[in-house]
Amino acid sequence: MVTAAIFRAAATVMLLVLSFSTCQAQLSSTFYGDTCPNALSTIRTSIRSAIARERRMAASLIRLHFHDCFVQGCDASILLDNSPSITSDKFVTQNNNSVRGFEVIDEAKSAVENVCPGVVSCADILAVAARDASEYVGGPSWTVKLGRKDSTTASATLASRDLPRFADGLQRLIDLFESKGLSERDMVALSGSHTIGQAQCVTFRDRIYSNGSDIDAGFASTRRRNCPATFPNGNGNLAPLALVTPNSFDNNYFRNLLQKKGLLQSDQVLFSGGSTDSIVNDYSRNPSTFRSDFASAMIKMGDIEPLTGSAGIIRRICSRVN
């Protein structure tokens, strides 16, 4: 009896291990090699066209993939609109009137559907779009693993819980990233995507009017010119996340942090006397290290809880379930 129970338990464990291995193995850079060989080139053309129209879109697409993967895994749940059965992620505090690029993903999806309908997932398009966006603005490229399926659900509750906020402290950020299997080094590298893009006044108002010791006074004064002190005046006014080269993917973001010129509180806490100071220092001196680590962290992030095999679906339109 005991021997049989042990055998059954061992068999169950082995099945779980095999199931997990099979799930992971289904993500492959050549996943669409036979079923849609022109998928990647079609997506790339669409993404490059969008960024050529508006360079800021590169940052938005990288962020869109990030905000997707941190909620339910990389399953394109962030693209789903509200419906009778779905409460969309789009309207939680961290996303509302902030996360953008949905129409660009829709355009890429439409282009791919014209080539090979019902084959390429929206989740994979998000992952490829982030890589193509980085490359287009001079950032690193990496090999994107493919084979994710799309979710049939979204969770505003999980989005509110699991997405970072602009005023988060260092330990809160570390805990969030660790909960997704990402290290402190991964977190700092991924934060370096703020070397491009812009932020709204409402996200940095408190910081620039705080007269705190963690912000350069001249930098704060400059940013106040386009961000009134009184809420909600100027809430949507934009400022570049990185000084000097806000449209180029480089390591100036980290150099800014050394000078107390991080625009968001959640940026500056990465260099504030804590455990991540040494990583910021490293990236500020070694742009090639930052680029390499950023690419590796993006690959790791793209592996967060994908739906593969028989799990999930291939949405025909990214904003709704088939």
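Heads up, the Cβ atoms here are built off N, Cα and C, so glycines get one too.
TrEMBL does not curate its annotations; it predicts them automatically.
Among the features that TrEMBL reports, signal peptide is placed at 1-25. Positions annotated as domain 'Plant heme peroxidase family profile' by TrEMBL: 26-322. Per TrEMBL, the feature disulfide bond maps to Cys36-Cys116, Cys69-Cys74, Cys122-Cys318, Cys201-Cys227. Per TrEMBL, the feature site 'Transition state stabilizer' maps to Arg63. Per TrEMBL, active site, proton acceptor is recorded for His67. Annotated Ca(2+) 1 binding site per TrEMBL: Asp68, Val71, Gly73, Asp75, Ser77, in sequence order. TrEMBL lists Pro164 with the feature substrate binding site. Annotation source TrEMBL lists heme b binding site at His194.
Taking the features listed in TrEMBL, we show where each one sits on the structure.
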{"residue": "Cys36", "record": "disulfide bond", "Cβ within 10 Å": "18"}
{"residue": "His67", "record": "active site, proton acceptor", "Cβ within 10 Å": "23"}
{"residue": "Cys69", "record": "disulfide bond", "Cβ within 10 Å": "30"}
{"residue": "Gly73", "record": "Ca(2+) 1 binding site", "Cβ within 10 Å": "20"}
{"residue": "Asp75", "record": "Ca(2+) 1 binding site", "Cβ within 10 Å": "29"}
{"residue": "Ser77", "record": "Ca(2+) 1 binding site", "Cβ within 10 Å": "26"}
{"residue": "Pro164", "record": "substrate binding site", "Cβ within 10 Å": "18"}
{"residue": "His194", "record": "heme b binding site", "Cβ within 10 Å": "26"}
{"residue": "Cys201", "record": "disulfide bond", "Cβ within 10 Å": "22"}
{"residue": "Cys318", "record": "disulfide bond", "Cβ within 10 Å": "22"}
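Highlighted in sequence order, Cys69, Phe70, Gln72, Cys74, Ala76, Ile78, Asp89, Ala123, Ser151, Ala154, Glu305 have their Cβ within 8 Å of the centre of the Cβ atoms of Asp68, Val71, Gly73, Asp75, Ser77, the residues recorded for Ca(2+) 1, and are not part of that set. Counting every protein chain shown, the Cβ of Val71 (Ca(2+) 1 binding site) has 28 other Cβ atoms within 10 Å.
Reported as a whole number, the C-alpha separation between Asp68 (Ca(2+) 1 binding site) and Cys318 (disulfide bond) equals 13 Å. Counting every protein chain shown, 27 other Cβ atoms lie within 10 Å of the Cβ of Cys74 (disulfide bond).
Remark: of the disulfide-bonded residues Cys116, Cys122, Cys227, the most isolated position is Cys116 (fewest other Cβ atoms within 10 Å of its Cβ). Remark: Arg63 (site 'Transition state stabilizer') has Val99, Gly101, Ser193, Gly197 as non-local neighbours, by Cβ distance under 8 Å and separation of at least 6 in sequence. Considering only the recorded positions Gly73, Cys122, Cys227, the residue whose Cα is spatially closest to the Cα of His194 (heme b binding site) is Cys227. Note on proximity: among Cys36, Cys122, Cys201, the disulfide-bonded residues of the record, the Cα nearest Ser77 (Ca(2+) 1 binding site) is that of Cys122.
Proximity note: of the listed recorded positions (His67, Val71, Gly73, Pro164), none has a CA within 10 Å of the CA of Cys122 (disulfide bond). Here Asp75 (Ca(2+) 1 binding site) is positioned 7 angstrom away from Cys69 (disulfide bond), judged by their C-alpha atoms. In sequence order, the recorded positions near His67 (active site, proton acceptor) (Cα within 10 Å of its Cα) are Cys74, Pro164, drawn from Cys36, Cys74, Pro164, Cys227, Cys318.
Residue pair Gly73 (Ca(2+) 1 binding site) / Cys227 (disulfide bond) shows a Cα separation of 35 Å. In this structure the alpha carbons, written CA, of Cys116 (disulfide bond) and Asp75 (Ca(2+) 1 binding site) are 20 Å apart.
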